[in-house]
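Student: My questions will all concern the structure given below.
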């Protein structure tokens, strides 16, 4: 039997179905099993079951056909009707179609028969295409990714980039979209101890309570290509842009556990590129955005100072500390400049730089503050009566979490503490704020400076302190020291004399002695004029400049693209200006 099928409906949807089938997804096969009976001059009925087997992963579909017709003897015209019900196994609505067939009756002979089938499809083809594409997995060789114009952003910046796609195996797509979002997510575990019952039934119960908070900063969908159709083999680029809201908190992600319970704190920003195919089988790729807090007025030199007196010893210790900036990247090296004026005879055994990290985690019903000293680096101390400058290099660990202070539920902050370890006394500490940006490992392929760039030299304005253990007699009168003949240091030359030879006192302005101090008879005339410095800061700065120029000259020869003008003119860059 031959069937002539005519389809009426949306031609574009029909064409999409043809394109879909012709794109290499597979073939359909149809099996028809019919049973019928007829007898001379009697009405007859027959049933047919038609099954469609999809060769490309779609579920099977069955169709039941019920037909009735009357048969006549000896070549009379016959008429019959058929009602066909189609049940799909993949989400299509059921549909029916009517079949009218006309054939010539026969007796003991078989003749060619024909049937005309009219299908009014309308949206049926679209439903078939949608259901089939929803069930098809995208070939794993097809790729999509996000290419951004910057490695990091701050609130208010415009994110610009392209969606790059490589198509190896063609497929049908509805469009290309980009989703950008930023959110804050906090989970806190509270370990609570409660007492239940009374009297002899009183008991202690340990409970674990979970606290959760979520806040969405922004969420947007950008349609970069709205047209539907078959994606052929090749490479595609779709540009897009999006302006971030201002005053966004910095990227932060940290999970941990302490005595109060576990916690998970996340401030994340994501950019997701999607080729809209259907349902869960979209071709997609997600890229995390690095957002730093806007800090136009934050990056500036940082300064702090502190001083202390001693209970049983005259004099004070006054320490000033500078940072040329207070915002750094993990892995970067900061240099802390310290200027100390110790007018006492107390030495400082060692100097330490300690990084303290503080997290504030807040939910509606629970709050936790977590503070830890996460990194410490030690340096040599200084002698009694030290007056001078020290430069302390400090390499920031790469695994430190970034700062984030604008979140509603999560804040992360750092402090850099300089500690002076003083024997038999409370330590002196100076605290500086420290901001860490989110790490950027790809922002430059060339190092900003060659490794091992020389540091500014340490400067000591006063002479080195002479140790008591080697002095047995006065340097001038040779009087031996004993329990009753005590040792005294001249505050100008720092040598040891007896009490009589250091009986004169005067201020020494150039050595930061504003009050009268002991000096020997030889140093007294110079001390009254302000004194002489042990080392000249200007002379040492000139020597440092020369060594730095030589070092940068070597750097310019290795990386001429950084200093093209100096390379052409054979001039070397000067030392960076001292901002502190």
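Every residue gets a Cβ built from N, Cα and C, even glycine.
Dumping what Swiss-Prot says about this protein:
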CARBOHYD  27  N-linked glycosylation site
REGION    31-54  region 'Disordered'
CARBOHYD  33  N-linked glycosylation site
CARBOHYD  60  N-linked glycosylation site
REGION    67-86  region 'Disordered'
REGION    95-114  region 'Disordered'
TRANSMEM  118-138  transmembrane segment
CARBOHYD  149  N-linked glycosylation site
CARBOHYD  341  N-linked glycosylation site
CARBOHYD  342  N-linked glycosylation site
ZN_FING   468-528  zinc finger
BINDING   474, 477, 498, 501  Zn(2+) 1 binding site
BINDING   490, 493, 520, 523  Zn(2+) 2 binding site
Student: What are the DSSP helix/strand/coil residue counts across the zinc finger (468-528)?
Tutor: 14 helix, 16 strand, 31 coil
Student: Using the Cβ centroid of 474, 477, 498, 501 as the reference point for the Zn(2+) 1 site, which residues of the same chain not in that list have Cβ within 8 Å?
Tutor: 473, 475, 476, 478, 479, 497, 499, 500, 502
Student: Fill in the CA-CA distance, residue 490 (Zn(2+) 2 binding site) to residue 501 (Zn(2+) 1 binding site), as an integer in Å.
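Tutor: Cα of residue 490 (Zn(2+) 2 binding site) to Cα of residue 501 (Zn(2+) 1 binding site) measures 9 Å after rounding.
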Student: Starting from the Cβ centroid of 490, 493, 520, 523, the recorded Zn(2+) 2 site, name every other residue in that chain with its Cβ within 8 Å, sequence order please.
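Tutor: In sequence order, the nearby non-listed residues are 491, 492, 494, 495, 497, 502, 519, 521, 522, 524, 527.
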Student: In the three-state scheme derived from DSSP, which category covers residue 149 (N-linked glycosylation site)?
Tutor: coil
Student: Near residue 523 (Zn(2+) 2 binding site), which residues of its own chain have a C-beta under 8 A away, given they sit six or more steps off in sequence?
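Tutor: The list for residue 523 (Zn(2+) 2 binding site) reads 490, 492, 493, 531, given in order along the sequence.
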Student: Nearest to residue 342 (N-linked glycosylation site) in three-dimensional space, by Cα, is which of the binding-site residues 474, 477, 498, 501, 520?
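Tutor: Nearest by Cα distance to residue 342 (N-linked glycosylation site): 520.
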Student: Residues with Cβ closer than 8 Å to the Cβ of residue 501 (Zn(2+) 1 binding site), same chain and 6+ apart in sequence?
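Tutor: Listed in sequence order, they are 474, 475, 476, 477, 488, 520, 521.
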Student: Sort out the sequence-distant neighbours of residue 341 (N-linked glycosylation site) for me: same chain, 6+ apart, CB within less than 8 Å of its CB, listed by position.
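Tutor: Long-range Cβ contacts: 316, 317, 318, 319, 386, 387, 512.
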Student: Output the one of 149, 342 that, of all these glycosylation sites, has the highest number of other Cβ atoms within 10 Å of its Cβ.
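Tutor: That would be 342, with the most Cβ atoms nearby.
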Student: How long is the line from the C-alpha of residue 498 (Zn(2+) 1 binding site) to the C-alpha of residue 149 (N-linked glycosylation site), rounded to the nearest angstrom?
Tutor: 73
